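Engineer: Feature table excerpt (Swiss-Prot):
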TRANSMEM  1-21  transmembrane segment
TRANSMEM  25-45  transmembrane segment
TRANSMEM  60-80  transmembrane segment
TRANSMEM  96-116  transmembrane segment
TRANSMEM  127-147  transmembrane segment
TRANSMEM  149-169  transmembrane segment
TRANSMEM  178-198  transmembrane segment
TRANSMEM  202-222  transmembrane segment
TRANSMEM  239-259  transmembrane segment
TRANSMEM  274-294  transmembrane segment
TRANSMEM  326-346  transmembrane segment
Amino acid sequence: MNPMIFIILLGTIMLGTSIVMTSSHWFLTWLGFEMNMMAVIPVLMKKYSPRSMEAATKYFLTQATASMILMLAIIINLMFSGQWTITNMDNFTASMLLTTALVMKLGLAPFHFWVPEVTQGVSLNSGLILLTWQKIAPLSLLYQIYPSINTNLLLIMSLLSIMIGGWGGLNQTQLRKIMAYSSIAHMGWMMAIMIYNPNLSLLNLFIYILMTSSMFMLLIFASTTSMLSLSLTWNKTPIITIMSLMVLLSLGGLPPLTGFMPKWMIIQELTKNNSVILPTLMAILALLNLFFYMRLTYSSALTMFPTMNNTKLTWQYQNTNILPMMMPLITMSTLALPLTPLFILLN
């Protein structure tokens with residue numbers, strides 16, 4: 001792809017997300033989603049292959065369906081309220097349709113099936129955009145309309161997402177699919193707290209983007225997409241392998257790493273709101289995620305003895321300079337837990 005065209009597409013993606021975040025008019029919000037979707041599809045197909053074409057087609061069909069449901073919700077709301085203001089969503093049917101459209105765009109259960117397939121079919125750079133930046137626009141709209149969202153529906157979807165994000169990753173060895181199921185589980189945690197404390201949901205989003213970006217940067221730097229190839233990086237870059245495994249454990253929420261912070265704060269906030277069963281179930285289901293992350297870390301670091309015979313490796317490692325943001329991102333992704341009291345105070 002021409003670098004100039006790629007820059008224009010990235011600018012359009014950011015512009016579409018910015019329109020959704022700053023708009024108070026329903027039509028402009030829908031327009032921002034459409035701009036974002038049409039610009040990200042060529043980015044997904046940047047490295048042309050049948051697999052990337054299939055992934056882009058699945059993404060287009062899912063997002064187009066969600067946009068259609070979103071427009072239907074907007075029209076129904078307009079019929080009953082006569083206003084285009086975003087915060088005015090009093091109709092039950094419109095609220096349910098809007099919630100369905102947004103969780104479909106986010107990839108929450110039971111509309112999660114496209115996330116692992118699309119992520120596995122695209123390059124690491126495209127997967128980074130798909131699992132980080134593309135979550136901002138739907139979550140920003142949910143943040144604006146959270147008082148009118150059906151609480152029970154959102155909590156059921158969040159629990160399903162945490163459960164499926166854990167179960168789905170148990171038998172995976174492909175890192176992109178592991179990151180996709182991790183995304184589904186993290187979205188479930190964000191939705192669970194959205195009703196009670198939307199600011200905490202935004203903090204969770206920030207930490208999730210931080211950890212996911214760190215992991216993808218490490219994978220891009222090491223040119224690896226599977227656990228086997230990641231474990232073989234011991235021969236070339238042992239520091240990269242160690243940092244990758246640390247970020248994986250942080251994504252699983254293992255204390256004392258950064259990933260434990262949002263889970264700690266969310267469980268504390270739910271308990272303050274006299275909710276005991278929900279955080280208990282969420283904590284139990286989160287053990288599924290932690291289990292497969294620890295199993296992957298164990299198999300990669302302790303059971304595969306490093307070999308010095310580099311001729312056995314199908315190595316695509318490129319001697320490029322470490323990205324300038326990589327080390328600060330990794331540090332924040334693993335060692336930011338002591339900042340938790342500060343975030344609790346600000347919250």
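Glycine is treated like the rest: Cβ placed from N, Cα and C.
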Engineer: Is it true that the transmembrane segment (202-222) and the transmembrane segment (326-346) have 3 or more CB pairs under 8 Å, sequence gap of 6 or more?
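Structural biologist: Result for the transmembrane segment (202-222) with the transmembrane segment (326-346) is yes.
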Engineer: For the transmembrane segment (60-80), find every same-chain residue at least 6 residues outside the stretch whose CB is under 8 Å from a CB in it, and list them.
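Structural biologist: Non-local partners: 26-27, 30, 33-34, 37, 41, 88-91, 93-95, 97-98, 100-102, 104-105, 111, 114.
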Engineer: Report, as numbers and ranges, every residue of the chain located at least six residues beyond the transmembrane segment (25-45) whose Cβ falls under 8 Å of a Cβ in that stretch; write 'none' if there are none.
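Structural biologist: Counting only partners 6 or more residues beyond its ends, the transmembrane segment (25-45) has Cβ contacts under 8 Å with 1, 5-6, 9-10, 12-13, 15-19, 52-53, 55-56, 59-60, 63-64, 67, 70-71, 74, 77-78, 84-86, 105, 118, 122, 126, 129-130, 134, 137, 141.
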Engineer: By a Cβ-Cβ criterion of under 8 Å, what residues six or more beyond either terminus of the transmembrane segment (127-147) are in contact with it?
Structural biologist: 13-14, 16-17, 20-21, 29, 32-33, 36, 40, 43-44, 59, 86-87, 89, 95, 98-99, 102-103, 105-106, 118-119, 176, 179-180, 183, 187, 190-191, 194-195, 198, 201-202, 205, 208-209, 212-213, 216-217, 220
Engineer: Which residues, given as numbers and ranges, are at least 6 beyond the ends of the transmembrane segment (149-169) yet have a Cβ under 8 Å from it?
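Structural biologist: Sequence-remote neighbours of the transmembrane segment (149-169) are 92, 95-96, 99, 103, 108-110, 112, 116, 142, 177-178, 181-192, 194-195, 278, 281-282, 285-289, 291-292.
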